[in-house]
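For reference, TrEMBL has these:
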- 64-83: transmembrane segment (TRANSMEM)
- 68-325: domain 'Cation efflux protein transmembrane' (DOMAIN)
- 95-119: transmembrane segment (TRANSMEM)
- 131-153: transmembrane segment (TRANSMEM)
- 165-186: transmembrane segment (TRANSMEM)
- 216-243: region 'Disordered' (REGION)
- 223-243: compositional bias 'Basic and acidic residues' (COMPBIAS)
- 267-289: transmembrane segment (TRANSMEM)
- 295-317: transmembrane segment (TRANSMEM)
- 329-403: domain 'Cation efflux protein cytoplasmic' (DOMAIN)
Amino acid sequence: MDHERAPILRSKDQKKTDMPLALVSEESNIILIPAELKCFSVSTSRQENITLESKERQKSASQLSGLIIFYLVVMLVEIVGGMKANSLAVLTDAAHLLTDVAGCSISLFTVWASAWKATSNHSFGFSRLEVLGALISVQLIWLVSALLIYEALSRLLHDKQKVDGALMFAIAAFGFFINLIIVLWLGHDHSHHVFGNDHHHDELLHDHHHHEHLHDHHHHHEHLHDQHHEHHDHEGGKPCDLTKEDETSLVTSTLKTKILNINLQGAYLHVMADLIQSVGVMIAGAVIWLKPNWLIVDLLCTLIFSTFALSTTLPMLRDVFDILMGRTPRDINIDMVEDGIKGINGVESVHDLHVWAITVGKLVLSCHVVAKPGFESKEMISKIRDYCESTYKIHHITVQIEQL
């Protein structure tokens with residue numbers, strides 16, 4: 001079958017030329033794609049995405065570092081002021097800031113370590129260090145919160161120490177305004193930058209899978225495969241042969257950038273929680289300022305906010321436990337994954353299917369697939385890979401093919 005040619009309109013100084021089209025038929029569906037333009041477009045997107053990832057990493061590291069500095073300053077002021085005011089509620093707010101410092105430090109490490117390359121001795125890279133850091137931070141937060149709860153209960157039952165309500169209110173107000181500045185700083189970027197990037201990444205992911213779909217059909221249409229990899233010169237750039245490694249790099253880079261954005265979104269939510277807690281401490285300080293004998297307000301705030309600080313660590317602790325135990329990620333149904341692989345043409349059965357996480361968002365899959373007679377292993381592996389990537393965002397896949 002002769003290949004159709006599509007007219008390509010160029011600038012006024014250039015003549016209209018033709019570009020060969022890759023024509024692929026799947027049952028009654030016809031896919032018509034300018035083959036060279038497709039390769040050039042994805043290659044350009046890959047280079048742009050690498051640059052975007054580098055800029056996102058630098059920007060995320062800068063913002064997270066700024067957050068840590070802000071938190072440390074406020075935490076130091078609250079520790080000193082809380083001890084002078086003899087307010088456990090202020091000290092509890094400082095302890096909650098410790099959870100934010102720990103969380104931002106882990107996120108900063110994630111941004112930093114995302115640029116590290118795997119070695120022969122650490123073939124999965126160094127992402128698991130993030131999990132160990134999270135475990136240490138959780139233990140520290142639980143220790144500090146337990147001490148504050150013990151002190152609050154001790155004062156509630158035995159010791160009625162005087163609390164300086166005015167100083168307590170002033171320190172909480174300082175923390176409130178600092179948190180408000182951070183919310184406005186992160187909020188502007190959160191609404192105008194993060195979500196805009198997601199749209200761009202979705203287009204890149206769609207482009208990647210569309211190209212994979214075309215590549216799979218080329219195994220059935222050798223003449224189209226040959227034409228797709230011809231070299232033709234174009235004004236403004238030279239098209240390329242996009243390899244599987246290039247495509248994997250494109251998607252991996254996209255996922256890294258999304259993870260960076262997720263870190264900043266998480267920091268934004270933490271600051272909002274700090275803002276609310278500062279308001280609570282301000283109210284408690286104002287009450288004690290007006291009613292010096294109502295010391296129970298300070299103790300109740302301590303118990304409530306300590307419990308709140310502990311509760312914020314539970315999701316982190318659950319993720320740490322799941323990852324260290326090699327648990328299948330909670331948002332993945334392993335039975336549905338198996339059924340989906342079984343539904344691929346040529347697959348007889350699946351066994352020894354494992355899905356686990358190296359760290360949050362970095363998933364790995366391995367399985368043994370029994371193939372039906374007459375089906376090519378390479379084509380089957382490619383389809384399994386495409387299914388796992390597009391459906392479950394698993395990008396590290398190992399498949400062992402067994403013949404009947």
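Cβ atoms are placed via backbone N, Cα and C, with glycine included.
Residues 63, 67, 70, 73-74, 77-78, 81-82, 84-85, 87, 89-90, 93, 264, 267-268, 271-272, 274-275, 278-279, 281-282, 284-290, 292, 298 of the same chain sit 6 or more residues outside the transmembrane segment (165-186) yet have a Cβ under 8 Å from a Cβ within it. Each of 64-83, 95-119, 267-289, 295-317 was scored by its Cβ pairs under 8 Å to the transmembrane segment (131-153), and the highest score goes to 295-317. Secondary structure of the domain 'Cation efflux protein cytoplasmic' (329-403) per DSSP, as helix, strand and coil residue counts: 25 helix, 31 strand, 19 coil.
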